[in-house]
């Protein structure tokens, strides 16, 4: 059951990622139709901006995320022996280099991981998590975060965030070009096409325009669907490492019952946390939720 769930989550992720890239290209094509009356120009624009933005995000993600979330690095075992030992042992079981260790001075119960590869991995936990979890519960949380690193989820999350940003940039660019009359020439060409093609070209233009306007919303929903799926995968992978579902289950129960809100958290980092630091812990999932409901995560773990 455990390995079947891991395999199913990986397959679902592949489909979502492929669909995400196709969606970005569709947005580019729609913009090409709107701005230049030529979908190929839009495809090229989307590919160039997308590649550049993803490269920048991947190169700077880890250090930026830690700074944005006020995480302070622990450089020796003596500073936090239990945390250090737990991260070290889980990394050893996962067969990855030991991630850098960080602590956030916050009383809420949460954690996150960063790093685009296992060699550049980092794990951060709140002081509240350290103070309130038993050792075996902490192992469950750390195993979850180490699984994110081992499964390259941070790289995937970084790319998905970059793609959402690219789509927002492309959509905004198209709207500005239309507003400032930069597409006058293409409008004239489109008008001539409408005269010869009956109104088909106008219909295509309107559909493309509506698609571009809605694209950022759809892209955000896709990004969060990917994030929710990777949370389920990290939970299952954590059990593979610890062989003790009770630790993670009880950690999730404590996190679910935690009423303290994080004092300082970056909204752009929401999806990488163990539990959403921004939204209430509800039982019903929403398409704009970065995490599945904790009750759903616990149910899946209990059924393994």
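Each residue, glycine too, has its Cβ placed from N, Cα and C.
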Check Swiss-Prot: it lists 144, 148 as binding Zn(2+). Then name which of 78, 231, 264 it lists for that same site.
231
Of 161-181, 266-286, the range Swiss-Prot labels transmembrane segment
161-181
Cβ neighbours within the same chain of residue 144 (Zn(2+) binding site) - under 8 Å, at least six residues apart
111, 234, 235, 237, 238, 248, 274
Just the number: how many Å between the Cα atoms of residue 231 (Zn(2+) binding site) and residue 145 (active site)?
10
Sort out for me which stretch, of 14-34, 39-59, 161-181, has the most Cβ pairs below 8 angstroms to the transmembrane segment (202-222).
14-34
What residues, ordered by sequence, lie under 8 A Cβ-to-Cβ from residue 148 (Zn(2+) binding site) and sit at least six positions away in the same chain?
113, 154, 230, 234, 272
Chain residues outside the transmembrane segment (14-34) and at least six past its termini with a C-beta under 8 angstroms from it
40-47, 50, 156, 160, 163, 166-167, 170-171, 173-174, 178, 183, 186, 204-205, 208-209, 211-212, 215, 218-219, 222-223, 225-226, 229
